[in-house]
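Colleague: Got a structure here, written out as structure tokens. Questions coming.
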DNA sequence: ATGCGTGCAAACCTTTTGCAGTCAT
DNA sequence: ATGACTGCAAAAGGTTTGCACGCAT
């Protein structure tokens, strides 16, 4: 966690940007929240304790997180951009998304990753990024349906 | 192709909806275009020959295509919803997307699909849908970069 | 005739930006 | 001091909808 904070501060000073109270607060709340938050959800969370922080600041700070590599943007098809922490050491992962209860489960599978590389190689493609999302019903929702 | 038209007409009459000139024209242009079109792109294409057809009609008709299963919605991260034909017999496929020239290459890999099923099973998940997108540089753009 | 479909324009929603004042360096 | 940052409000960009009229059944 502190590693991430350090990384963010370094990024700021490297770029000639400034470390401000707002940015610290937003980073704290973002890390605390953990999950896959939309800009608005994070803004609402923050507003409770810090009503003076505006939406635009949250929005711009999340962009900053994504630029400096401590967060990743996602689009799960609900019309909102969501952000997720990228822990420095953790592996890339993909998502199972329950279309019913909106739960998001993370998983990683190196074999799938490797096959992606193979596909790319076959097409002379250089992968910079990828996303794999499986939409469906989670265990709980499946059970609810069948009962 | 005609199979798709039939399917659309059946869907309309099954649902008590009407077959109109506009819908026929939009379907024709959509099938002719082939690629991964946004609502706006299709609208612009159609407007050239049929200036009387409105954006909303194109929009609503594409939704209809997607409801009846002859088209699929995609979000490749450029902020626009794109539609793609689903030929009845063809297999599901995924996408390689060149972030530079915006080219979209389709591929399919049953082994990856199978592994996705395994992952889902491991989590008690029932997959209804999925998407896999590999973003990066296509062969041509890679060469341009290195030269 | 009936009621779905169409075209237009306006509403919506999320993301982005301009600006004047504020703050970190 | 200086230039980046913030908060507000407004703009933008895409999607969706209301309504009065038109058309397929």
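For all residues, glycine too, the Cβ spot is worked out from N, Cα and C.
Okay, these came from TrEMBL:
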| type | residues | note |
| --- | --- | --- |
| BINDING | B:92, B:94, B:113, B:130 | Fe cation binding site |
| BINDING | B:98, B:101, B:138, B:141 | Zn(2+) binding site |
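Are these features on the surface or tucked inside, and what are their neighbours?
Modeller: For residue B:92 (Fe cation binding site), the same-chain residues lying six or more positions away in sequence with a CB closer than 8 A to its CB are B:108, B:113. In the three-state DSSP scheme, residue B:92 (Fe cation binding site) falls into the coil class.
Residue B:101 (Zn(2+) binding site) has a Cβ environment of 12 other Cβ atoms inside 10 Å.
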Colleague: In whole Å, note down how far the CA of residue B:98 (Zn(2+) binding site) lies from the CA of residue B:130 (Fe cation binding site).
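Modeller: Computed Cα spacing between residue B:130 (Fe cation binding site) and residue B:98 (Zn(2+) binding site) is 20 Å.
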Colleague: State the count of C-beta atoms found within 10 angstroms of the C-beta of residue B:130 (Fe cation binding site), not counting that atom itself.
Modeller: 20
Colleague: Where among the binding-site residues B:98, B:141 do you find the Cβ with the fewest other Cβ atoms within 10 Å?
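Modeller: Sparsest of the binding-site residues B:98, B:141 by Cβ contacts within 10 Å: B:141.
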Colleague: Take the mean position of the Cβ atoms of B:92, B:94, B:113, B:130, the recorded Fe cation site. Which other residues of that chain put their Cβ within 8 Å of it?
Modeller: B:93, B:108, B:112, B:116, B:131, B:132
Colleague: Around the Zn(2+) site formed by B:98, B:101, B:138, B:141, which additional residues qualify by having Cβ within 8 Å of the site's Cβ center?
Modeller: B:99, B:100, B:102, B:103, B:137, B:139, B:140, B:142
